[in-house]
Number of protein chains: 2
Amino acid sequence: MLPAPSSSKPLESWQSIAKRTQQHRDATIAAVRSPIPDIPDLPLDSTPIPKTILTPREVSITESDPVDLLSQLSSGSLSSEDVTHAFLRRAALAQKLTNCLTELLPQAALSRARYLDAYLAEHGKPLGPLHGLPISTKEMIHMASHTCNAAFIAWHARTPASNAHILDILLAAGAVLYARTTQPQTLMHLETSSNYFGATLNPFNRALTAGGSSGGEGALVGLRGSCLGIGTDIGGSIRSPAANCGVYGLRPTSGRLPMAGMSATMLSAEHIPAVVGPLSTSLGGVKVFARTLVDARPWTREPGLVPLPWKTESQFAALEGGAKKVRVGVLADDGVVRPHPPVRRALASMAEKLESVQGVDVVPFAPLDHDAAWTIISSLYFADGGAEEKAAIAASGEPWRPLSKFILEENKNVKALSVAEVWAWTAKRDAYRTAYAKHWEDSGIDVLLCPVGPGAAPALDTARYWGYTAQWNLLDYPALVAPVSKVLESDAADASYVPRNEDDRYNHGLYSPEKYANAPVSVQLVGRRYEDEKVIEAMEYIQEKLGLPWAEYV
Amino acid sequence: MLPAPSSSKPLESWQSIAKRTQQHRDATIAAVRSPIPDIPDLPLDSTPIPKTILTPREVSITESDPVDLLSQLSSGSLSSEDVTHAFLRRAALAQKLTNCLTELLPQAALSRARYLDAYLAEHGKPLGPLHGLPISTKEMIHMASHTCNAAFIAWHARTPASNAHILDILLAAGAVLYARTTQPQTLMHLETSSNYFGATLNPFNRALTAGGSSGGEGALVGLRGSCLGIGTDIGGSIRSPAANCGVYGLRPTSGRLPMAGMSATMLSAEHIPAVVGPLSTSLGGVKVFARTLVDARPWTREPGLVPLPWKTESQFAALEGGAKKVRVGVLADDGVVRPHPPVRRALASMAEKLESVQGVDVVPFAPLDHDAAWTIISSLYFADGGAEEKAAIAASGEPWRPLSKFILEENKNVKALSVAEVWAWTAKRDAYRTAYAKHWEDSGIDVLLCPVGPGAAPALDTARYWGYTAQWNLLDYPALVAPVSKVLESDAADASYVPRNEDDRYNHGLYSPEKYANAPVSVQLVGRRYEDEKVIEAMEYIQEKLGLPWAEYV
């Protein structure tokens, strides 16, 4: 067990703790050779900068598909030391551009990389399926002997004695851990802003958020300072940053990937399960991550997991000639908050193009009371009335970040419930899940194509609508995010639109193509519970047939 | 939704409601042709009586293995009408001997049976894998347009509009529903005693309990008034009656068999999942029940279920020559309450004989703090302090049955918890589950052979130790009960035994071979989560190799 936060008055101010934490981060970054220079006069779009700072070889390595890197690492045509060094440098640069890191681990990572290179030389085979690949991780994932503060200042001295289960498996598979990334106060923002580090910015437009809560991962992977990273998701925390930063992200079904060993509040609340999952620069990276973890049979150690082996056979029937039979539902609007024009355009284009793919059926899919789904999930998120979150903030005297206030104090569904009230909400949740299962079954769809959010990455402190992601947390459906396009100048705001409700009005008011300039536009593909493999396979197929993505991100 | 119990003063006394309910039951039994006579001067052991009342053909049908019945029903060599009629008559008799029924359904069942016979004649094939087989069901399972009182007097008018999910599947598979069975007040006794019907008695010795809470099923199946019935289990409620009545019973892993549509308190409490499962006169009956339900893909309708298909391939490696490689752990004593001599004898005999079976390894398995497991599970059972149970009793003014007082009022772990306290107990539960997973993994065993309880069926109102069954509910491990032997006169009490604690003293004081005369002795075989098929296969193998059971039950 980790020590509980002290209830007595802190001996050190929160500002002093934050400053020390930043200094530690900066020192670990300064230890990367050759040092990354400070960049004066940062432009809104950071993405062209790495090519001007890094060597061509570093650029080539860090912009490779992780699947290709693994192939070269396991054959020895690339050394893990070179790959790790390249990612360390690009991650150090990403920090200067987007403020996405809590620390780098240059010495430990390079030492590990050299060990793996020696292992390959000696044994003539890789250590495992992730041999030599650098993997980044959200700070809240336990790393032995490193602090795990989960963005609460009061937790600054929490230092787990052992690794999270997921890190043990990734290390046994040959991964190199080299970077830890930022997260927001409470871990319950769709942005990333804490009193340790301030806000993490969007690589494509510094006025916009990287998303959250795994926003450090989003920005780092978006800038190719990582090709594969670990996030967590209870309402959109993998998918929001993946979408905002133009990368792939998977919220798997609960019970598939190992969860043991995290710093967070309310870890034992079962009503709405949090999950861990990947963010990656490629769909192949998402897949190798999930498959490696499942192939390790994590359920033998962690009994909350389900012993479902990773399915390698196709989840779709095939027509003669090899075309898959795929029925794609399209939910363009959840009926509560209408997505901004670029999201509607991307979905409409995909739907139109999918209609001409042999074997693919495209059908509209009506939302089933998504507003009620938000009422249920937001009533269950903080069943103690937010007491544990509030205490963790109060323990250090740190101020509340704006989106902490939004989700905990301005959220009318946060109430301290009795056990009987939790059961009553759980009954509503289960009735909704049952109704949605019937709705889905009746539609006959295999997968559902829908927005990831009500727009592309919004300006800082304005990400207030969770419905497009939290919907699938409530249902516990696997949901995959993939980049499709970017916001275009031609994505004009609809001045004549009459909003349906206050949330819709707020969201509508955020948008203009100028404010969202250059922001990635992503989509979400959803499947039924435990159909993670099917969702990935469908996205691979759609991507191939449609030539996605339709924009450049590096 | 069912109507909530009224909080105003009941218009009718509980005694009057109970009397009406008994009259209804008796009327349904009287409608069975030819009527079963009353039996004067009932002996302690009821099991010889059916052969003196029923026709030889009825005896032959009702004492057949359900797998054999299914084979003859699907070929048409037996009609469903004849089989259903035989079970109706034997069930009516079982009621007079053990008080196990809430109602019979003679008209509906015979009408259904005739439909199925006509279906087979017309189509030349059975309706499904359970074609024509009569199946009995615990009263709490929703049956459309029948009352579902869950043994609470106040709920006497609850009448669901539709069947439980499990009944829909069984009916689609060709089953005939013909009998509903008793359960105890609160559903939380390891016996079966309610203010509707009084106590359900043990077929083998009327001074002993049939077990509970699925005790009506236990007694009915034990007397061969049913060959396959539906029970539920949150602490032993399938396994206790199966063991006490000398039949097979399976508590499957949660999330495998359909749960939607039950009357009970605290239905949405997730901390300790209840499960539904079979009681049967044969292991084949258990298997066909579970497999039929899983093969129906119930997860498409009930999203809380896990889409794990039923495994038909062997779960064990085989030696040359075909002997299975099975490592059996033996836990003879949980370290808290020592089982009575007949249970110790049966387990020791099995272990000794298993050691000489080629391919089978027998190893002792030490308990891992089973006392702590009981503290955790009993703290989570009634997280509202028992408020919902107490209100359901109070609403009619019915008196508390002795074991309701025991589990709700004398149980020091029943407290009204806050949400934060529920989370704290959930964390303890998960830590215990993780420790047990390691303990099991380290032992290398495939399955665990252990007692089902601290003795055979005890005298009425004395079943107070849940540890041997509730242990596996806490861990959510599949657990199968099978009959092995009976209590023998030679199973002498150990007069020199010095009890370890108060529970052990109480249990030790219950025993003498005379008091437990003729009681079945059963064992429990346990596997890891979701290894239901493996447990069944191992028991089939053990049964075959050891020539089990070693006693006659009919």
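For all residues, glycine too, the Cβ spot is worked out from N, Cα and C.
Just so you know, TrEMBL annotations never went through curation; they're auto-generated.
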Per TrEMBL, which of B:LEU177, B:LEU187, B:LEU257, B:LEU267 sits in the substrate site along with B:SER213, B:ILE234, B:GLY235, B:GLY236, B:SER237?
B:LEU187
In three-state terms from DSSP, label B:LYS138 (active site, charge relay system) for me.
strand
10 Å Cβ neighbour count around B:SER213 (active site, charge relay system)?
36
Among the active-site residues B:LYS138, B:SER237, which residue has the largest number of other Cβ atoms within 10 Å of its own Cβ?
B:SER237
